[in-house]
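Structure record follows, encoded as structure tokens.
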Amino acid sequence: MPARAIMFQGTGSDVGKSLIVAGLARALTLRGLKVAPFKPQNMSNNAAVTADGGEIGRAQALQARAARRPMTVHMNPVLLKPQSEIGSQVVVQGRVIGNAKASAYQAMKPQLMKAVLDSFHHLIADTDIALVEGAGSASEINLRAGDIANMGFAQATQIPVVLIGDIDRGGVIASLVGTQAVLAPDDAALIAGFLVNKFRGDPALFASGMSEIATRTRWTSLGLIPHFADARRLPAEDALGLPGGGVWSRDRPKIAVLAYPRISNFDEFDPLRLEDGVDLQFLRPGTPIPGDAAVVILPGSKATIADLAALREAGWDIDLQAHLRRGGRVLGICGGYQMLGRMISDPDGHEGAPGAVAGLGLLDIETTLTGDKALRDVEGRLTQDEAPFRGYEMHIGRTDGPAAQHPFLVFSDGRRDGAVAAGGQIAGCYVHGLFADDHLRAHWLRGLGTTASGQSYDADVDATLDALAAHLERYIDIDRILDLARVPRAIT
């Protein structure tokens, strides 16, 4: 039987599209269907390494996990990784093809649509149902010409659309009805139903609201979804979902993660954030590093040189010196590791104008940004105490120097990575995902004088996906969604 497909678009960003697709993927998988998540175009600096050696957005990685399928580049054929306010790195079917400003990217879309459709039909060849996620807002009609992410894709494949609105931010009736009003008639005709997400309170109080939306739009009402509190236990992809700073705990070690403007792969700190024995918070620019922090983490960055400038502008370079004088620890990961060195050179202009900038000088290393990108899963041991680890590499650049002769990690193939200085007080490496390894996380927390919960992070994510699936089974008419799904139009 040919695969069917249905698309989920939103009235705006952060309405819950990714989470709903993940929950439906798990629910339908538990029903015995072979599910494929798909997002034509994603914009995110949080990415995952796929089984076929490329990269996709973290949301699609979670959706693949929910569907219990190996990740493939075909689940997210176009990934945009913002490097500035007007430009992004463009990744097509898992491979970097270059950088483009927003205006130039528009001209690339006809060719990108070919890659999108190629990946989509490759993916559904061995699938019962494809759950397609749109991007941003369906109502951005200024971007409709050449669109590959929302209605442009839906029209090309002739698959029905479910529109999702977020009641938590207010104005959900206007956002749903208003979307229909601004869409071209042929695009609006593809919307078959709607969902209202993130409801809080008594659902009976919004029954008339659901009826009003259905009456005005003539769309099928598919469900009013209460807020899912455990969403915080799942990896977030967008910086919109990045937890803000709060009141620090008085009796737990404090871990401060510097959230510079182009922070990347920040979901790798979720396993630490969920541990009761520590208090991990992301610090926005303008928030000082607390004087009694146990560890300051410099995370990955999609624009290392620009984020290093932002770090200095925030005064964090001065805070780091004071932190080290008080005996605190510093850990740099990927771009954060590069920042810890003496110099970052970009001779070919991968991040902007060619040039070089001074680093923080906390590690005796220098980095040269190169065009080659390392993308691989890795494992090995820490050099200081032989603790095993698993993680992944996702970076450009070569780093070397005297401090690299004292590496932080040794891979199972004998390669070395990172650097350690000041008796272990300062360390850095290129490897992401270290803290998802339960054994390494427990080992690292013992070094802070606290203990891990003993829970498996992977098992916790899977249990949360099961709970999300049960939540959606209760509040969404999933049978009706299956009825609405259609066989996509073949593209020749």
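Using the three backbone atoms N, Cα and C, a Cβ is placed for every residue, glycine included.
Copied from Swiss-Prot, the annotated features are:
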DOMAIN    252-440  domain 'GATase cobBQ-type'
ACT_SITE  Cys334  active site, nucleophile
ACT_SITE  His432  active site
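Averaged across the domain 'GATase cobBQ-type' (252-440), pLDDT for the predicted model comes to 95. On a Cα basis, His432 (active site) lies 7 Å away from Cys334 (active site, nucleophile). In the structure as shown, the Cβ atom of His432 (active site) sits within 10 Å of 24 other Cβ atoms.
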